[in-house]
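S.K.: Would you mind keeping the following structure in view while I ask a few things?
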Amino acid sequence: MDAALALLFGQVATAVLPYVVNSIGRVPRPKRVDVKKAMGEAHQCRPVVPYRAPRPYTEGRVKALFIGINYTGSSAQLGGCVNDVMHMLQTLQRIEFPISECCILVDDRRFPNFTAMPTRENIIKYMAWLVYDVRPGDVLFFHFSGHGAETKGGRDSNEKMDQCLVPLDYDKAGAILDDDLFELMIKGLPAGVRMTAVFDCCHSASLLDLPFAFVAGRNVSSNQRHEMRMVRKDNYSRGDVVMFSGCEDSGTSADVTNTSSFGNGTVAAGGAATQAFTWALLNTTGYSYIDIFMKTREVLRQKGYKQVPQLSSSKPVDLYKQFSLFGPLTMNASLVQHLPQEYVQPWAPHPAYQQPHEATLPASVSQPHSQPVMGIPVASTSNGKSNPGVSDGGRASGEVYPPTQYPSSHPAPQQQAYYQPPQQAYYQPPQQAYYQPPQQAYYQPPQQAYYQPPQQAYYQPEPHHQPAPPPPPKKENKPARPGYPMSYCMKFSQGKPGRK
């Protein structure tokens, strides 16, 4: 009953309120991730190319993993996380971020180029794919939009509460610990690999357990001098990692019903942190790390959201250097001393990237030039201005894609293009006039007079003689009496009467 009420409230709130904070809160402590097993299965993943950027990156590969979970039909249902993935893809295309390999995990199979459902098993598998066989010069991008949660800290934890990433099947399979996220995605990165991670979920400030963070309250001024601080003395990595999170470890992130007020060209539901971060990417060309970060906070504060985005990194970033999604991080000289010496050594490019050669994709792979994701127009670059997050590495914009194969004991996954169906107009049947039957006059029956029976006189029976009546019987003359004739007698009777 409680679950049904929670589901009903979540659906009604999503449809009525301007934004919803639907937090899961605490979850049971999940089981640990088998990192070795996950890395052994990473080669099974089949990435795609989401779009073709005008200026490809030639210093290495650009791999991206997008995860959006709406938890449809559950008490934890959200409304805009799948939309966040689409919006992030569109934003990266507009700034010409040249993704060469991409996987998309969303709980909507209708999503273009859907890769897999975001279950716990799949999320772990594709996280391993993201960092599998990476080399110096490779660039990684990770985006998660969904639920974050807290769980009681373990015996080996330095915190009272650990943070968790919540997969689609968390109620059966459990969540994913922040300790495991670091072990799986960050710890093994080689020097020269750059990763940018964006978490739009609750309790997300330290989901990667990075050692350096920008520590400042909600009302910090942009006019002050800001620096990263060391927040833990372990979890170092040779890779260069920058993480943007939607809120503090104890905070929550909002799911917005209508995102049109952010000015990004979207109107559907979405995460407030994703909207603010993408707005900063699109509107702060050439700005520094601190400018991008403070703009993200300012957008949310002006719109009345209570969440405070956070910034953390694997190394002490100089916040006043120009922001980029590429290349090594420029470190703050005053904080480098806190890093062990092995993590600050310079790195050399991978031999496969030192002399890039022209490589073309097979003819069977479709990569239409400037084909936008879901029909969003590609940002124009005819004015010659550079786009944030894109670096040509000193090369002309006419460079070609990096090699698709690299000499290694572990072959890199085969590069595969984002499937684009052949351009085809809607079916038009052959032009044909409506059927015109042959012209015919209305049926005219043959002219006939009304039926005239043959003229015939009334029936006249043939005349015939009727039998003549029998002749009257003849009177037989009675014989006279013997004696005298009558006349004679009468003759004498007319005299004198006689006597009787």
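Placed from the backbone N, Cα and C atoms, the Cβ positions cover glycine too.
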S.K.: Of the candidates Asp107, Asp108, Asp209, Asp234, which does Swiss-Prot annotate as part of the Ca(2+) site that also includes Asp162, Asp178, Asp179?
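M.R.: Site partner of Asp162, Asp178, Asp179 for Ca(2+), according to Swiss-Prot: Asp209.
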S.K.: Between 19-63, 289-333, which stretch does Swiss-Prot give the note region 'Important for catalytic activity'?
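M.R.: Feature region 'Important for catalytic activity' in Swiss-Prot: residues 19-63.
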S.K.: C-alpha of Asp209 (Ca(2+) binding site) to C-alpha of Asn235 (N-linked glycosylation site): distance in Å?
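M.R.: Asn235 (N-linked glycosylation site) has its Cα 7 Å from the Cα of Asp209 (Ca(2+) binding site).
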S.K.: I need the nearest neighbour of Asn264 (N-linked glycosylation site) among the recorded positions Asn70, Asn113, Asp179, Asn258, Asn332, using C-alpha distances.
M.R.: Asn258
S.K.: For Asn235 (N-linked glycosylation site), which residues in the same chain are close in space, meaning a Cβ under 8 Å from its Cβ, but six or more apart along the sequence?
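M.R.: Those within reach of Asn235 (N-linked glycosylation site), by Cβ under 8 Å and sequence separation of 6 or more, are Phe182, Ile186, Lys187, Asp209, Leu210, Pro211.
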S.K.: Sort the recorded positions Asn113, Asp178, Asn258, Asn332 by C-alpha distance from Asn70 (N-linked glycosylation site) and give me just the closest.
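M.R.: Minimum Cα distance from Asn70 (N-linked glycosylation site) across Asn113, Asp178, Asn258, Asn332 lands on Asn258.
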S.K.: Have a look around Asp178 (Ca(2+) binding site) and count the other CB atoms within 10 A of its CB, chains all included.
M.R.: 27
